[in-house]
Amino acid sequence: MSKAATTTYTVEPPSDAENASRSTARASFQVDDSPPSEDGQAQGLTKSVLLKLASAAFSFFVSGVNDGSIGALIPHIIRDYGVTTAIVSALYAASFVGWLSAALSNTHLNHRLDLGAMMVLGAAFQVVAHALRAWPTPPFGLFITTFWFASIGQAFQDTQANTYVATEKGLTVHRWLGFIHAMYMAGCLVAPFAASPIASSPSGDGSSQWYLFYTVPLGLGVANLALAMVAFRDTFCLRPHVRALDPGTVAPEKSASALIKETLTTRSVWVISLFFFFHLGVCVTAGGWVVEYLVDVRDGDLGQMGYVPAGFSGGCLLGRLLLPDPTHKFGERRMIFIYCLFCLAFQLVFWLVPNIIAASVAISFLGFFLGPFFATALGVGTRLFPPDIRSTALPFLFVFAQLGGSLFPIVTGILGAHVGVSVLQPVLVGLISASAIVWLFVPQPQTKRE
């Protein structure tokens, strides 16, 4: 959290017990899970906080532009490099390795770099990734490597942005988490409208110029880097070895190894991680292979089918904007399970009705009901996890999510190379069903965690 936010705790001196509890938490993120009062809300939404929220939301938008373009570009990449669906799946493997690298290094870096420094580092990694892509048909190995750079950058920024929003005093957490995750889907929504026309416009020799699309996320990445440097300038620094409000009453913070060990022995971390594993498997597999499926199985036109992922992303965007309040009002456990049933129904329509228009509508509704899953599960996890492991547990959740988001598209690509891309449909049905089953085992969080 920003330095300004940390000083607010000195207005009413905490008790010795409260100080001892806070000392084990991550020093720059002082957590208060109680519902924000009107005064707290007014104090929280200062210009500094709003600028940080804007930077957090924009970082998600930039990530969405990168991820949302993959489905529209994969058919062109396959044809330009002359590779199979199994080989092109390596880009998902590189993405997973990036997220895994971030998870292994995030806790250690957090002991050395403050919030702003981590946000800027993540933005810089993404700028490097897009700069290496935005030139005529880069070598395939280099192109795959750029997904490692992009993913580790996204992981650093996503973790810090989620933790900041989930722990900032004075915010209505479920709404703001829904908002920043909606910005990710906004990026996924606009990406196909930029990627498809660029990739479909032939060069002088008739080949696709899909690589020119990456000048768009490159420009956005530079803006993301600049905004992070300005918004989080108060924490754009190295972190002191020990940070404490009162050296006389506060114990040193736990070591990175101790936090990792505690995280790995917390049951709720594993259950929610497994939910994310299947959920992101649904989202990335559907968004990444739907174009190739509609072209190969339903005989759709490649230039037109490239826009179908925008319907899926648009549905997710609306779901993340419109469904957080009813989900919060009627109960997360009940509503997410109901949404799973709706997702399963529309997925069956997509599979069993052999019509491209019906498939496009069905996958848009699938995206709508998938929309609130991520932010809702993240909010539940924030209330379930002990305060001192939250900044360590969140990257662990994201790694499991990315494992699912990498593994299942790879499996789909490998199976597709042998039996056809039609295998996409039973894979999606199985993943949605698994998400619903795992959600039933997520513990009920306390309304207020002490």
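Including glycine, each Cβ sits where the backbone N, Cα and C put it.
Looking at the stretches 43-61, 138-156, the one that TrEMBL records under the feature transmembrane segment is 138-156. Most Cβ pairs under 8 A with the transmembrane segment (393-417) among the ranges 176-199, 335-353, 359-381 are made by 359-381.
Put simply, of 138-156, 269-290, 302-323, 359-381, 423-442, the stretch with the most CB pairs closer than 8 A to the transmembrane segment (176-199) is 302-323. In this chain, the transmembrane segment (269-290) lies apart from the transmembrane segment (138-156): fewer than three C-beta pairs between them fall below 8 angstroms, excluding pairs fewer than 6 positions apart.
The stretch in 138-156, 302-323, 359-381 that contributes the largest number of Cβ pairs under 8 Å to the transmembrane segment (423-442) is 359-381. Long-range contacts of the transmembrane segment (359-381) within its own chain (CB-CB distance under 8 A, at least 6 residues past either end) are made by residues 162, 166, 173-174, 177-178, 180-182, 185, 268-269, 272, 275-276, 279-280, 282-283, 286, 290, 294, 298, 308, 311-321, 323-324, 327, 332, 335-336, 339-340, 342-343, 346-347, 349-350, 353, 393-394, 397, 401, 435, 442, 445.
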